[in-house]
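Before I ask anything, let me first share the structure, which is written out below as structure tokens.
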Amino acid sequence: MGSGASVSEASRPERQEAGQAEAEPGQPSTPAGRSDATLQETVAEGEEVSLDFESFLHNNGTLYSCFNHHGNRVYVDESQNLQPFPKEWYSQGHFLTPNNESSGQAHAPASSQPAVREDDRTGSIYIQGKGTVMTYMFEERVNVCRFWDPHSGVWLLLPLQWEINVEFVKARVQRVMSTLPGLVDQKEITAALRQCNYDPEEVISVYLTMFGEILLQASAGGNHNYADLNSFRALLERDRVIEDLRQKLQTKEKEVDNLFQRNSYLAREVRYLSEVVQHLNQKLAELEADQQEAREKIRSLLNRRAPAVPPAKTITKPAVDTDQLRQVSRLTRELNVSNKQLRSTVHQALTDMKNQLEELKGAAGKLTQVEQEAAGEVEELRSLYRKEAVERKSLYNKLLELQGNIRVFCRCRKTTASSSCLEKTDDQEVVVVQKGSKKKFQFDKVYSQTSTQEDVFAGTLPVITSCVDGYNVCILAYGQTGSGKTYTMMGSKENPGVNIRSIRELLRICAEKEKVSYTLKISMLEIYNDSLNDLLTKSASAALDIRVQGKSVSVPGLTQIQVQTEADILNVMEMGEKNRKIASTKLNTQSSRSHLVVALEVEGSDEVSGLTSRGTLTLCDLAGSERISKTEAEGQRLVEAAAINKSLTALGQVFSALKCNALHVPFRNSKLTHLLQPCLSGDAKCCVFVNVSPDVSDAVETLSTLQFGSTIRQVSLGKATQNIVLAKTTRLRSKPRRR
Ligand SMILES: Nc1ncnc2c1ncn2[C@@H]1O[C@H](COP(=O)(O)OP(=O)(O)OP(=O)(O)O)[C@@H](O)[C@H]1O
């Protein structure tokens, strides 16, 4: 395999091996052995032929075979014709050379020296999370660390644990560890370095590809990320085990099906043979009756042979002569013989059938036993599958727990103003500049003004999976009026926000799990002036109340609608939006004066394991916090503002109590916190967006919003479990209606 090999006597066998037709001087041919005008154009008659065989990997994943003759490049298209190599392709892919593939460096430009490829070296493999990828077996030289053994007089391979102490290796291990603080096992890194020819850059890129940016985060405890990594690895391993088990289960189910079919075939056979036996018995009975009848006839003939002859003068001829008698006697003998033969034939047939029946019965018995064993195995596999699925769920949960059950993101609203009170220093830090002083805040992620709705949604993706696994998941948007909460949560029709995207993702995950059937129910309410309004009913119903029963929080009388598709959900949400009270303030004419809560209950029942899970995705667009003095609100608006501020203060108090693991968490101080209790405690998972305005005039509100977000970030729901009364499920249920 050489780069840019020419067609010469020396290289001919290699070329033929690669499935290419030979090209004689002046008579170029295509790989299929056909002459081709395109290639002929590139080779003048009598000219010495010098062809380069190349492989070009297009960015769309297609691998093309190309020929290069004195700089004229052609490629083999799908129909095996040669086509001129398009110029624009040089920037849309790269030629495969041993160098650009093995070093892990960026792809060499397409115009660089290509390589001859051997087709049996290519292949593909399925990698979890990446799908099917192309593989290529490269032949390359590698560094090997050996030591001189004076006794044997040869260079021996240095064991891994000694190799770690060799300066050359040590420096590279340190280089990898300083870039990926999440990696702590030096032996593992040394082994990886061996695999990558002691190239630390390649090791780093391999780890990043396998485990993502989790490795980039250094943790205070030192092995926090290591635990993350192990959890992630264990998760991948579980996925593999589950897949194996699923396949085994399928095979066993097929075997059981086959056994069922064979069993029913044998049962049919037994039925058929029984019918044959019955028929033969009938025939035998008929023959015996015939024989009896014949005997009767003979007897009556014999009786008639010697009648009492009255004395007469004239001697009359007897009625039966001796010939006749002889004939009858012969007939009788023959009948007896055939009767005997028939008996023995029938007897033989009956014995055969009896044997056959016995055999069949034995086979059926064995089949039933095998069937029972297979059913036992299937049951065992089922329970293993169930166990693996539960363990996988708990591992995933553990991974999320390690990352924190509450994740806080900061999003800066877009502005047209030239000056801004916000500076984003890195992905996790934002600085507020107010009257010359600077204050830093850290979040799980900071989204700048230029971040897209897709970027913002990506942060919430991991927790959505938990909802399908049966956990309570909550996504909240907090911030001052006009800071972009509704834009983040709802977005526009063309550019939807977290609400629609998370529902879409949820539906996608549900559809992917073929063996689990899901029921989805949606409810929508607003908390206006500390009272709950059902948004999915047109009738002006009485104010709703919150009921706590054991560990669950419910809203009796709240409308819940069963939905199946994204369109169903959009229709329901549109109806709810129409019923929502929107009023204007001096700050924002479209300002929301109520908290909007959309709850999607996901109930899944696993056909294989028989387990049922119930999770709830709660999407909450909080009303804007504001300074009453700034808005100059009066009358009804003043009441609204006071109610909003009161409930947001209660929310802050809840987070503060959770933060310090207080014995009492004041969930009941407002309807908002009371309703959200199951999403803020126990093993619930929560994403909070703190939306901030970059306007200099909003600096005070921005500071207080970021302060609020900072407090939430220090809360770990898992730790608070033992100190508070928890409710696991939010059941916003009653009056279920089908659409
Ligand atoms: N990231 C952004 N990109 C573009 N426009 C934005 C962005 N964030 C907010 N906006 C726009 O700013 C305006 C106010 O945003 P939005 O209504 O979402 O604020 P809000 O915090 O929900 O306000 P309120 O609490 O008063 O309801 C809207 O016109 C919205 O389209």
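Placed from the backbone N, Cα and C atoms, the Cβ positions cover glycine too.
Annotations for this protein, taken from TrEMBL, read as follows:
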- 1-45: region 'Disordered' (REGION)
- 27-41: compositional bias 'Polar residues' (COMPBIAS)
- 93-122: region 'Disordered' (REGION)
- 97-114: compositional bias 'Polar residues' (COMPBIAS)
- 235-304: coiled coil (COILED)
- 350-387: coiled coil (COILED)
- 405-715: domain 'Kinesin motor' (DOMAIN)
- G479, Q480, T481, G482, S483, G484, K485, T486: ATP binding site (BINDING)
Between the binding-site residues Q480, S483, where is the Cβ count within 10 Å the lowest?
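Across Q480, S483, these binding-site residues, the one with fewest Cβ atoms within 10 Å is Q480.
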Please list the binding-site residues from Q480, S483, K485 whose Cβ falls under 6 Å of any atom in ligand 1.
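Near ligand 1, sequence order: S483, K485.
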For G479 (ATP binding site), list the number of other Cβ atoms lying within 10 Å of its Cβ atom.
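Around the Cβ of G479 (ATP binding site), 26 other Cβ atoms lie within 10 Å.
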Using DSSP with the three-state reduction, classify Q480 (ATP binding site) as helix, strand or coil.
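Assignment for Q480 (ATP binding site) reads strand.
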